[in-house]
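Worksheet: one structure, shown below.
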């Protein structure tokens, strides 16, 4: 177990330990060693490979970037809505791509927007002053734009939002005496407190100021400059809070999006395969049923997490954030929108490979949903032999076609625009496919394949050795608790352990134990296994909790204290929403009120 939890060796290497026949991981009968290798290539492995083919095409042709930027443009440039826009696009992408890949794709886009905000050097409290700044017209009657020393007032005529400097007219130092404050001889030309100084002669002074006597002697008071902290790269504290909020929102959104689909994260794959292996007669877990159960969870978690982060870092001004009134945009918002539009313009018009990738994406989703929808016969009923068509069949077939379909539009005289962002070889070859093996290799997480396979081998070892049954019997004193209490304790336990151990390792250890516990207490195993599988993804309080946390932490905007404080709230939100789901719409969806026959058969066999 130290190999799994303490990370003495890489996870992929640790999960190859069951393959060592003469030194088995657990004391098993000799027969298990001949079957353990088969555990490393299951149906979910092929499902993952097919999805990675589609993910490689999405990344190669920048479809993910187009989707992300478009959703952020729709959300707007207000800090709160900007965070919500990035969260929505991250959730959508994380449904189909791995959480780590999604975070690595979206975070650079968010960082570009954050750097634009930092470069402005303006806090939101000063944005209104910036919008009221006027520019002085250079004509003979231009006194309306000048600043008098006594009142430091200026006329509001000829406002120009694009210019934020004022011209300060003053006499030569030979015509001024030293007063309270700085003399003009000390100032000469330049800037004082953001105002540009323009010297004029005594003869021209009367003409420029229309002879107004109060402006004959101009005194510039001493200005106390507030020096920015040298240890901070942020102009204001609010800028820092925006950076923290946006950074953390991306890693949390990636975690939420990974819950929605079976392929969203490796823990979902581990659960699906171990459950189908342990209960082969239970035909209840597929892409459609999992999506129907988890999608409302993700929507509720997305809204509550956004509200929590907004309250924690941006304050309680939800009315201003959600206001639809067409108020004048601040300079910060205009610069943010400009940067986002510039990034989107770099993508150019939508290309032929992007269209093909989008069509494959929609087709794969539809085929998954319609395979066995439950309320009507699916397309698998068209075939005589049952059990040969799974979700992996769809992903492998469409993934294979991506290696065959050319990336250039057929019968097109000029297809250079459809093959941008590719290497020289693909541009020279008119029959270059949508993706190559090199593209697939770049994204294929082989360590996840080995890790998941090792989890299957460990589960098989627990099954053959009787370890899971023994542990389940030791937990019989919990039989007096109601099912929801058992599920809640399991969720709290796995969500606490996964903060310090990897998600796959935690789930691999707990799934056999919870299965045996459910069988012993005569609770539907899905009542404890599904919530525990979801809660094992809530390792959001520390950088070591999951790879997306580490990616966001590496950008330097957040500290560990920020992650602990924000992640604790997200963890509580996740556990509460999952418990709400399993006790409401999860009951009729999976028939959780009864102890199913497929679990009874497994319990009799195991005993």
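Numbering starts at 1 and runs along the chain as it is shown here.
Just so you know, glycine gets a Cβ as well, placed from its N, Cα and C.
Because TrEMBL annotations are produced automatically, they should be read as predictions rather than curated entries.
Copied over from TrEMBL:
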type     : residues : note
TRANSMEM : 75-97    : transmembrane segment
REGION   : 125-149  : region 'Disordered'
COMPBIAS : 127-141  : compositional bias 'Acidic residues'
TRANSMEM : 250-272  : transmembrane segment
TRANSMEM : 284-309  : transmembrane segment
TRANSMEM : 350-369  : transmembrane segment
TRANSMEM : 390-407  : transmembrane segment
TRANSMEM : 448-472  : transmembrane segment
TRANSMEM : 484-514  : transmembrane segment
TRANSMEM : 566-587  : transmembrane segment
The transmembrane segment (75-97): which same-chain residues, six or more beyond its ends, come within Cβ distance under 8 Å? 51, 54-55, 58, 64, 67-68, 103, 105-106, 109-110, 113, 124, 242, 245-246, 249-250, 252-258, 260-261, 263-264, 298, 302, 305-306, 309-310, 314, 317-318, 320-322, 329, 332-334, 336-337, 340, 361
Please give the sequence-distant neighbours of the transmembrane segment (566-587): residues at least 6 beyond its ends with Cβ less than 8 Å from one of its Cβ atoms. 248, 252, 293-294, 296-297, 300-301, 304-305, 308-309, 312-313, 484, 487-488, 491-492, 495, 526-527, 530-531, 534-535, 538, 540-542, 545, 593
Chain residues outside the transmembrane segment (250-272) and at least six past its termini with a C-beta under 8 angstroms from it: 44, 47-48, 51, 86-88, 90-96, 98-100, 102-103, 106-107, 110, 285-287, 290-291, 294-295, 297-298, 301-302, 305, 309, 391, 395, 448, 451-452, 455-456, 503-504, 507-508, 511, 529-530, 533-534, 536-538, 540, 546, 548-549, 551-552, 566-567, 570
